[in-house]
Amino acid sequence: MFAFKRTAVQLAKAKLHRYTHTLALLETNGAKLTPGSLSTITAAKAINKPITALLVGPDAKEAASEVATFAGIDKVLIQSDERYAHYLPEQVSPLVVSLLKDEYTSFVVPASSVGKGVLPRAAALLDFQPLSDVTKVIDSATFVRPTYAGNAILTVKSTDPIVMTSIRSSAFPPAEEKRSDAAPVEEIAPVEEIAPVDTDCKTVWVREELMKSDKPDLASAKIVVSGGRALKDKTTFEKLLNPLAEKLGAAIGASRAAVDAGYCDNSLQVGQTGKIIAPDLYIGIGISGAIQHLAGMKDSRVIVAINKDEEAPIFKVADVGIVGDIYEIVPELTEKL
Amino acid sequence: MSTKIKILVPVKRVIDAALKPRINKAKNGVETVGVKYSINPFDDIAVEEACKMKKTYKGMVEAVHAVSIGPSKAQETLRTALAKGVDTSTLVDVGDEEVEPLVVSKILKELVEREGSNLVVLGKQAIDDDSNQVGQMLAGLLGWSQATNAAKISIGKDGVVEVEREIDGGIEVVKAPLPMVISTDLRLNEPKFVTLPKMMKAKKKPLEIIKADDLKVEIKKRLETISLEEPAPRKAGVIVKDVDELISKLKDLKAI
């Protein structure tokens, strides 16, 4: 009896020692990884264990060959079943759970709509407490994440055997480094199929309406021009912001007030409840700077505020501020750039 | 649809959204003394939506039950929900200790089963820990469908719920038969203020107080707080007087 127990413990230990991989659920848009997924690879590398990338949906196969060439990626798993086409958490979570059961000690997803839907569901099925919106990796169990709308920075250590995290894309640069050509051919990641998993949930995807835009993606843009309540209406918003954004090759963002007033689509909202961004340059136009908005942009490298109210809280975080009429300043700035 | 809809609305008592929280001296939490608390704004939207459903789907929705897991002061949060039109409520008194989302989900699962709920409507995230997890975890534990970040909810005569969800880049529509967990986004509705007479009436509505032990859920922490700190302050900026100066400053900063 005693001997048997020892063997079991030794076996368990051997297994733990052997299986210390990170599973990264990466999202694709067509055959390309999303910008959030590229940042997730960077975060996964910081965990410092071999990374297995998981790609699901009809585009998985096409995306796999590129994913396999990223430095740090040890293996790529693809599951191209049609059922994963829209990343329904009811379908994706059981798949993640079935994979996590034996091989991994870390799991990462981008903190995107998809990641936020899947991560907690999968974690609950495994009885683990996940960590949302990680902005820094300390070690494989210890992470930094903002709380209270970014007003408090929490360093937290997980005691779960598999540490499950979602990665805030603005906090990690997108992965660029590819595997060296000099590496032996065997090292190129094997791509293998895994069996689909059934669930009882009868959730059906009906349709989506994505905002069409020829501008850079808000979440990953280098420059963001953002408008607030002071823009008066949709026409003014577009007339004032579009030329400036075009000149700078910038994405357009908005405060919640502007979105609620119907000046622009809600997918442009920057803040605690919208997108969290950290571009090189953020220009806030007619935005007062409520804490909920600041939570979404205060990690930008350079912040410019244009506002007629010199008491506006946005001037407290702005590197460069200009007090005055946005209808005079913005066209002049557009012209002189 | 033969079975009636019984809605459960979890609500959380949080530091008021307009306040900037201060880190305590021990650097393991925020100052709580003398701070104004309110219902989590997303939960306020959830309460509003549940009460709206009761009116819109008269005869289909049987009852709305609110739940809060927190200190005994969370009774105030439940009273607010009752004043907004919720029928009955339960406080799971866990003291002042912050309870992790996994445990909250387990407690909610027990309450869903006890109340016979088949629809849970809750906020997409609490504005204190910003986790955005409980709805999804609860759906997972129950094996129910989930629709997070709801911007519009409609229930068909056949009991199939269609939800418009806010996603990166736009809107997605999903549908599922009950039972289901739905988390609310900001644009779902605009919660109304509570009037004093309604607040008075709410004092007579049922508010049951129980402990996590009564539901046989163990409160155990999986996460250990190493530190809680203020974010690094940004360097003081400059105010420029005109556009030319703005442009030259941006060039100095290599921003353009």
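In case you wondered, yes, glycine gets a Cβ from its N, Cα and C as well.
Features reported for this protein in TrEMBL:
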| type | residues | note |
| --- | --- | --- |
| DOMAIN | A:22-209 | domain 'Electron transfer flavoprotein alpha/beta-subunit N-terminal' |
| BINDING | A:ARG229, A:255-256, A:269-273, A:286-293, A:ASN307, A:325-326 | FAD binding site |
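Taken residue by residue with DSSP, A:GLN269 (FAD binding site) is part of a strand. Non-local neighbourhood of A:ARG229 (FAD binding site): A:SER255, A:ALA257, A:ALA258, A:ALA261, A:GLY286, A:ILE287, A:SER288, each in the same chain, at least six residues away, with C-beta under 8 Å from its C-beta. In sequence order, the binding-site residues near chain B (CB to CB under 8 A) are A:GLN272, out of A:ARG229, A:GLN272, A:ILE287, A:HIS293, A:ILE326. With a cut-off of 8 Å between CB atoms and residues at least 6 apart in sequence, the same chain places A:ALA230, A:LEU231, A:LEU240, A:ILE285, A:GLY286, A:ILE306, A:ASN307, A:LYS308 near A:ILE326 (FAD binding site), listed in sequence order. Sequence-distant neighbours of A:GLN269 (FAD binding site) (same chain, 6+ residues apart, CB-CB distance under 8 A): A:GLY253, A:ALA254, A:SER255, A:ARG256, A:VAL259, A:LYS275, A:GLY296. For A:ALA290 (FAD binding site), other Cβ atoms within 10 Å of its Cβ number 20. Within 10 Å of its Cβ, the residue among the binding-site residues A:GLN272, A:ILE287 with the fewest other Cβ atoms is A:GLN272.
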